[in-house]
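J.: The annotation domain 'Radical SAM core' is assigned in Swiss-Prot to 14-225. Per Swiss-Prot, GTP binding site is recorded for R23, R70, T101, K162, K264, L265, R266. Summarising the annotation, Swiss-Prot assigns [4Fe-4S] cluster 1 binding site to C30, C34, C37. Look at Swiss-Prot and you will find Y36, G74, S125 tagged as S-adenosyl-L-methionine binding site, backed by sequence analysis. Annotation comment: Swiss-Prot describes C259, C262, C276 as [4Fe-4S] cluster 2 binding site, evidence class sequence analysis. The annotation compositional bias 'Basic and acidic residues' is assigned in Swiss-Prot to 309-318. The annotation region 'Disordered' is assigned in Swiss-Prot to 309-330. What Swiss-Prot lists as compositional bias 'Polar residues' is 319-330.
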Amino acid sequence: MNRESAKQLVLTDRFGRTVDYVRIAVTSACNLRCTYCLKEDAPTQTQQLDVVETSKLIALLAGMGVRKIRFTGGEPLLHPSIPELVRIAKATPGIDTVCITTNGVLLDRQLDALVEAGLDGVNLSLDTLDREKFTSITRRDRFEQVSKALDRLLATPSLTVKLNTLMLRGINNDEIPAFVELTREHDLTVRFMELQPFDDHQIWRTGRFMGAERIRERLADAYPELEAITGHSTEHYSFSLPGHRGSIAIIPAFSRNFCSSCSKLRITADARLISCLYHHESIDLAPALKGEMNEVELKKRIIEAVQQKPKDGLKSSHDTAASSMSQIGG
C-alpha cells in the first residue's frame, strides 16, 4: 500500500472521533523510581516488545489510518533496538510523525542515532531543575545525565522538543519561573502537568496534587502579560510570552475535559491494546503478533478496541482498577 492510498483510510470510534495516534510502550523497564509512579522495590521482571512484531503492528496500524507513533515505556531508551524501531516506523507508508517520551537518562548517548533514524520529536520528562530535588523525586542521582540531554535537545533544531513537568505541591511549584525562563531563548514547549489519578489514587494521600487551575493562577500572577494561544488538544491552557521563542502549556489529568478530542490508542509492553488512558480494559494482541491469527482477525481486534473507547474517561475511570503509568505507557 502506498502513502496516498493509506491516507484514505480512517479509524473512527462510535462517537465520531478519528483515531490516528498510537503510543507504543516498547518496554516496561525503567531506570528511575519516581515516587509518584513506581515503588523502590518494584519488580525487576519486565516485558519488552519484539522488533519484528512491533514492525508488523505499525504497518498494519498505518494501513488503518494511524499517522503518528510515539514510543514510550517504562523508559523506551532501555529497549536495545529503539533507533531501529524509530527508523522502521518513520519509513512505514502512512506514518508522518515519530516521537518518543523519555526520562532522558540515556538520551545523550543515543540522540545522534535517533535523529539519524528520522525521529521528529522528544518529550522529556523533567520535574525539577534542581539536582537534590531530582534525586528525591526519582530516587536516583541522574540529574547530570538528564541536564546534558536537555542541552543537546535544545541544540538540535530538527526536533520538536517538549518538557513534561509534573507539578508536585510543596516540592517543585516554586520552580515555575525557572521552567518558563527556558522558553525565552529556546523554541520548546514547557508543559505543566497534573498528577495522574493512578496507583490506588495515591495522589490524594500524599497531598502533593496541584490542579490545573491553581497552576494557571500561579502563571497568571507571575506573568500578567501571558497571551493565550491554541495548543495541542491535550493542552487545555496554552500561552506565549512576549519576547519568548517557546510556549507554555497546562495539561489536566484529573480535572481534564479533552476526552471529546482524544485520538489515541495505547499498546503496552506485553502487547495489550488499551483504548483509553483511564479505562483499563484491554485487548490482547500477542496471539495475533505471534502468528496465531491472521491479519483480518488482528484488524478486527484493533477495530474492537477503537469501538470500546469511552465517551468520557473520567466517568469510565471510576469503575476500573488502578494501574501505574509504567504499566500503561503514559
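Note that Cβ sites are derived from N, Cα and C of the backbone, with glycine treated the same way.
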J.: Out of R70, G74, C259, R266, C276, which of these binding-site residues is nearest C37 ([4Fe-4S] cluster 1 binding site) by C-alpha distance?
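T.: Closest recorded candidate to C37 ([4Fe-4S] cluster 1 binding site) by Cα: G74.
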J.: Taking C276 ([4Fe-4S] cluster 2 binding site) as the reference, which of C34, G74, S125, K162, K264, L265 (the binding-site residues) have a CA within 10 A of its CA?
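T.: Checking Cα-Cα distances against C276 ([4Fe-4S] cluster 2 binding site), the binding-site residues within 10 Å turn out to be K264, L265.
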J.: Around the C-beta of R70 (GTP binding site), how many further C-beta atoms are within 10 angstroms, looking at every protein chain?
T.: 23
J.: With every protein chain in view, how many other Cβ atoms are within 10 Å of the Cβ of L265 (GTP binding site)?
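T.: Taking all protein chains shown, L265 (GTP binding site) has 24 Cβ neighbours within 10 Å.
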J.: Say you check the Cα of R23 (GTP binding site) against those of the binding-site residues Y36, G74, S125; which is nearest?
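T.: The answer is G74.
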J.: Looking at the binding-site residues C30, T101, K162, R266, which ones sit with their CA no more than 10 Å from the CA of S125 (S-adenosyl-L-methionine binding site)?
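T.: Those close enough are T101, K162.
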J.: Widest Cα span across the GTP binders R23, R70, T101, K162, K264, L265, R266, in Å?
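T.: The span, Cα to Cα at its widest, is 20 Å.
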